[in-house]
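Report on one structure; see the data block that follows.
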């Protein structure tokens with residue numbers, strides 16, 4: 001057995017060595033045979049044929065002091081590694097022993113920072129009207145809110161009424177228009193519930209007790225059972241009042257109902273269906289609209305505050321550029337701009353409804369008799385039953401740039417990929433709070449990314465290059481803006497960016513390989529398309545090294561696991577005869593092993609055979 005272990009271990013190490021270094025191959029004789037692909041800063045394929053290297057080779061450009069002007073620098077020629085005539089100077093800001101090349105990888109240093117502003121991805125549902133999922137209640141399918149991010153400042157306006165939407169729905173002898181949208185009183189009282197009351201209520205539930213107030217409110221609302229249907233995946237939405245620290249469960253999931261066919265704005269007709277619409281009103285600025293799917297790490301992955309001194313833009317080969325096509329509206333302040341963005345944002349509102357929704361008497365009787373089956377076709381939500389079920393999946397005009405000087409709100413529907421530092425602008429989204437602002441623009445982002453990429457490429461060069469001349473080679477990333485002009489490795493003197501609170505410099509003498517089209521799409525320029533056609537997703541080739549290292553580690557881990565398994569198997573075989581009593585078989589070691597998976601049932605995941613009844617706690621229901 002020990003011999004088998006040794007053989008397996010040696011085989012694993014041999015395989016790892018072959019992956020990294022090959023078998024019998026001398027890489028030092030061909031240091032550039034499989035090196036990464038880099039083109040010089042200003043190479044335009046204008047060289048003579050003998051100087052046109054294929055994409056998957058690396059060229060070296062020798063820097064030397066030169067009196068040539070910038071136009072001369074536009075036509076640098078490569079040298080080979082056997083002492084061919086050196087190329088003209090590509091840049092003039094560094095020492096003569098420094099060889100600077102420009103990467104051809106068009107990466108975006110903002111990718112991680114801007115992830116929370118990819119609303120289609122992080123929210124995944126409507127914003128103005130959120131009806132992104134379907135759920136069954138008492139045998140019938142209905143729609144319900146499903147956005148993964150909180151919507152700050154969102155509320156419901158009931159037309160021609162002094163009743164707020166957080167008023168409990170009308171019951172008993174109340175007129176229909178005397179009620180609002182909130183859950184009716186229950187025993188014990190489930191809505192509204194203060195933050196302290198919720199903390200106390202869930203103090204023994206380890207899955208809930210430590211959640212933040214918004215996520216806790218969302219989970220609390222999702223704990224209510226609709227129509228006594230314990231098998232239903234339907235979860236009520238909620239609104240959290242940050243000022244009063246209260247969680248209001250919404251009995252009505254509908255967010256918009258307009259038109260004479262479906263509602264009546266006449267205040268005198270107290271028992272007619274009221275008209276309502278979603279809005280970001282000044283009276284709602286402390287409210288946050290929550291669906292059942294609000295993620296517990298929303299503070300990291302969802303936008304909340306607006307960005308001062310910032311303007312959403314598109315990353316275009318080394319710099320953040322303006323979004324060319326926007327819809328411009330007048331707005332006296334940030335609140336008005338945020339409100340406009342919300343009104344134009346993604347919406348799941350149905351476009352057609354059923355005729356039977358005009359049967360006000362049926363709805364009225366449903367409220368009086370607390371008969372959910374009479375009103376659910378209207379309020380779970382309006383137009384959901386046998387109507388079109390349009391789902392936006394978060395696509396819409398969800399972003400805006402507010403110009404504080406011109407008082408213009410620029411709204412667009414393309415996902416921004418970077419931020420422009422501009423003291424005249426505030427960047428906002430439909431999810432964001434209508435007035436809250438953060439001032440911390442990440443000024444050092446560019447410099448940090450440049451240094452990180454240069455260091456990463458330096459390590460790669462040390463592994464693959466055999467430079468005996470002592471020259472220091474630098475692979476500069478395609479980032480042409482920074483608050484440290486020396487970090488740009490620019491062949492000319494960088495220019496100062498105007499209206500920048502970060503004192504940015506931009507390098508403009510390096511030709512850009514991408515551009516923005518009139519429909520807000522970033523594309524590779526025509527003359528460079530052939531070069532990038534062979535590079536999947538434009539990923540840098542140093543990722544291949546990561547894959548090799550990961551593969552090597554995986555082989556070693558698998559070998560270790562196999563050895564442990566064989567050892568345990570041998571031990572178990574020796575103990576097999578001792579396990580002859582039936583009570584030792586199939587018996588769980590702890591109560592936890594006998595419980596159903598709580599998260600799948602309690603948090604409303606896809607219904608499965610063993611996940612139809614919650615096991616963490618008794619769900620209160622009305």
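Using the three backbone atoms N, Cα and C, a Cβ is placed for every residue, glycine included.
If you look up Swiss-Prot, you'll see 578-594 marked as compositional bias 'Basic and acidic residues'.
The disulfide bond annotation in Swiss-Prot covers 149-302 (among others). Around residue 149 (disulfide bond), the C-beta neighbours below 8 angstroms that are at least 6 residues distant in the chain are 119, 122, 123, 294, 295, 298, 301, 302, 303, 431. Residue 149 (disulfide bond) carries neither a helix nor a strand DSSP state and counts as coil.
Around the Cβ of residue 247 (disulfide bond), a 10 Å sphere holds 26 further Cβ atoms from the protein chains shown. Positions annotated as disulfide bond by Swiss-Prot, on the basis of similarity to another entry: 217-247 (among others).
Taken from Swiss-Prot, the feature disulfide bond applies to 263-275 (among others), supported by similarity to another entry.
Look at residue 320 (disulfide bond): DSSP puts it in a strand. Here Swiss-Prot flags 320-418 (among others) as disulfide bond, drawing on experimental evidence.
Marked as disulfide bond by Swiss-Prot on the basis of experimental evidence: 337-409 (among others). In the three-state DSSP classification, residue 337 (disulfide bond) falls within a helix. Here residue 337 (disulfide bond) comes close to 329, 331, 400, 402, 409, 426, 428: these same-chain residues lie at least six apart in sequence, with C-beta atoms under 8 angstroms from its C-beta.
The annotation disulfide bond is assigned in Swiss-Prot to 443-502 (among others) on the grounds of similarity to another entry. For residue 502 (disulfide bond), the same-chain residues that are 6 or more apart in sequence and have a Cβ closer than 8 Å to its Cβ are 421, 441, 443, 483.
In sequence order, 318, 480, 481, 488, 490, 491, 492, 494 constitute the residues six or more apart from residue 507 (disulfide bond) in its chain with CB-CB distances below 8 Å. Annotated disulfide bond per Swiss-Prot: 490-507 (among others), in sequence order, evidence recorded as similarity to another entry.
For 492-509 (among others), the entry in Swiss-Prot reads disulfide bond. For residue 492 (disulfide bond), the count of additional Cβ atoms within 10 Å of its Cβ stands at 16 [all protein chains shown].
Residue 162 (N-linked glycosylation site) is surrounded by 8 other CB atoms, counting those within 10 A of its CB over all protein chains shown. In the three-state DSSP assignment, the secondary structure recorded for residue 162 (N-linked glycosylation site) is coil. Taken from Swiss-Prot, the feature N-linked glycosylation site covers 162 (among others), and the record attributes it to sequence analysis.
Taken from Swiss-Prot, the feature N-linked glycosylation site applies to 286 (among others). Residue 286 (N-linked glycosylation site) falls within neither a helix nor a strand when secondary structure is assigned with DSSP, and so counts as coil.
Per Swiss-Prot, N-linked glycosylation site is recorded for 371 (among others).
The secondary structure of residue 421 (N-linked glycosylation site), as reduced to three states from DSSP, is extended strand. What Swiss-Prot records for 421 (among others) is N-linked glycosylation site, and it gives sequence analysis as the kind of evidence.
Annotated N-linked glycosylation site per Swiss-Prot: 422 (among others), in sequence order.
Residues or ranges marked as N-linked glycosylation site in Swiss-Prot (evidence: sequence analysis): 499 (among others). If you draw a 10 Å sphere around the CB of residue 499 (N-linked glycosylation site), it holds 14 other CB atoms from the protein chains shown.
Feature annotation from Swiss-Prot assigns region 'Disordered' to 578-607.
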Note = Over the topological domain 'Extracellular' (25-546) the mean pLDDT stands at 80
Of the recorded positions listed as 162, 263, 422, 499, the one whose CA lies nearest the CA of residue 247 (disulfide bond) = 162
Task = Could you tell me which of these disulfide-bonded residues, 217, 263, 418, 443, 509, has the greatest number of Cβ atoms within 10 Å of its own Cβ?
result = 217
Key: Integer Å distance between the CA atoms belonging to residue 418 (disulfide bond) and residue 162 (N-linked glycosylation site)   = 43
Message = Quick check on the glycosylation sites: of 286, 421, 422, whose CB has the lowest count of neighbouring CB atoms inside 10 Å?
response = 286
Query = What's the CA-CA gap between residue 217 (disulfide bond) and residue 509 (disulfide bond) in angstrom, rounded?
reply = 54
Key: Residue from 286, 320, 509 whose C-alpha is spatially nearest that of residue 422 (N-linked glycosylation site), among the recorded positions   = 320
